[in-house]
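Visitor: Swiss-Prot feature annotations, pasted as is:
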ACT_SITE  Asp264  active site
BINDING   Asn196, Leu197, Asn198, Glu199  ATP binding site
REGION    1-319  region 'Ribokinase'
REGION    346-479  region 'Cytidylyltransferase'
Amino acid sequence: MDLSLLKNLSAARILVVGDVMLDRYWYGDSGRISPEAPVPVVKVSKLEDKAGGAANVAKNIARLDGKVGLLGLIGEDEGGQILEGILEGEKINSQLVSVCDLPTISKMRVISRHQQVVRLDLEETFTEQHSQLLLNRLELVLDEYDFIVFSDYNKGSLSLIENMISLAKKAGKTVLVDPKSSDLHLYRGADYITPNLNEFKLAGGQTDSEEGLATSARKLISDAGIKAMLLTRSEQGMSLISATEKYDFAAQELEVSDVTGAGDTVIATLAVMLGAGMTPKNAVEIANLAAGIAVSKLGAATVSPEELSRKLGQYLHATGEHYQTPFDDVLQHIEFAKQNGETIVFTNGCFDILHAGHVRYLAQAKARGDRLVVGLNNDASISRLKGADRPINPLDERAMVLSALSSVDWVIPFGSADENDTPAKLIEQISPDILVKGGDYTVEQIAGAEHVLLHGGKVEVLEFLDGCSTSKVISKIKQ
């Protein structure tokens, strides 16, 4: 995965078209039953309004730093005014079209003790005449965008979606659709559709086996003239299916608080990552991580680049890929962690043959803060320090082993004869909050200590485990 593309999220120029909604939340305590009917009485203590539907897709894109526009229909009412006010506070080029004869789609949820008690929907279905207003506006703004996302909640805004997709494809745009209709032919020409499992079944998809699922998905997209399907499968994760390939992505193991808007997060993240230049497979990997974050929050939630960066770091750690992360990307991840208020700890060493002393030492170092960065001497550096017969294990293998430890967040190679094989320059680049060194050093003897102290950090010396050293391990093996 090319993590450098995460710096390029603002390159995505995305237009969201579809059913915009106002999500309203009324929070309160429910300690008694109504004397009028056998229903709970909720004493409302807090009101909250959020952008929903297609507006939530646009909000997700904006929060990921994508350049986004929004087309949708609202009524000439209070709900429309509130929704426009919410969107004004976001980095969204909002172009909502007001109609006088129908209300703004609004969903009011009563929440008590983290549970939804009831939902009230205020809506009427928009007609083709209303949809024509969006089609006309789409034609005017199409040249400003590279990706077009259609968010279909079957509320009528996209009654003319076939015409809209045709218009977008003729203009050379990449089209993504979050579908609601079971007739996938309505989305002919789309590059990606993102149905959930229930929508897939209603469209004729088979789920009895993985082979049957893939076969039926390929038939559906082939018949409908669609390039690929990203099937969201709840606890089974996601599957990206095209005519020749199928990639499966496991669901993220997080506590699910609310699945509201999870599909919005998926298609928004997919569009942003594709716009940044990622491959479809990598873009879906990131979208899967974003969905895991979103469902752990209450309500239609968004995901920030910082949250995504942290989750990506955990994911790469779990898959054993993070030791291969380019240096500039590691620095960016560290900076995100700092912005989130996390304490960065740094230590360094050769770690030629990992032993119990190393493991305990690294765990103690990690306990000093939130994230641990390990500077790892490269092979040439170790040879200069330890002799021509060292290292025993090459850099890549040492980095892989260290990266498998839960205490280690990032491994960064270093070592230059010009710098006396110390990590001083690396420490200046990272500027950790805490610098840890093992052994009987004084603070004055520790490379990089002066920089850390000068910038308000701390320096600590930890004791090594008696009887544990790489030299002793090598000696014992030779015996």
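Glycine residues also receive a Cβ, built from the backbone N, Cα and C atoms like all the rest.
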Visitor: Please report the number of other Cβ atoms within 10 Å of the Cβ of Asn198 (ATP binding site).
Guide: 11
Visitor: Return the average pLDDT for the region 'Cytidylyltransferase' (346-479) as a whole number.
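Guide: Value for the region 'Cytidylyltransferase' (346-479), mean pLDDT as a whole number: 90.
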Visitor: If you count Cβ atoms within 10 Å of the Cβ of Leu197 (ATP binding site), leaving out that atom itself, what do you get?
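Guide: If we count other Cβ atoms within 10 Å of Leu197 (ATP binding site), we arrive at 17.
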Visitor: With a radius of 8 angstroms around the mean position of the C-beta atoms of Asn196, Leu197, Asn198, Glu199, what other residues of the same chain does the ATP site pick up?
Guide: Pro195, Phe200, Lys201, Leu202, Thr232
Visitor: Quick one: what's DSSP say for Glu199 (ATP binding site), helix, strand or coil?
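Guide: The residue in question, Glu199 (ATP binding site), is helix (DSSP, three-state).
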Visitor: Of the binding-site residues Asn196, Leu197, Asn198, Glu199, which one sits closest to the residue listed as 'active site' when you measure Cα to Cα?
Guide: Asn196
Visitor: Please work out the number of neighbouring Cβ atoms within 10 Å of the Cβ of Asp264 (active site), leaving out its own Cβ.
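Guide: Other Cβ atoms within 10 Å of Asp264 (active site): 31.
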Visitor: Would you count the other C-beta atoms found within 10 angstroms of the C-beta of Glu199 (ATP binding site) for me?
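Guide: A 10 Å sphere around the Cβ of Glu199 (ATP binding site) contains 20 other Cβ atoms.
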Visitor: Take the Cβ of Asn196 (ATP binding site) and count every other Cβ within 10 Å, whichever protein chain it belongs to.
Guide: 19
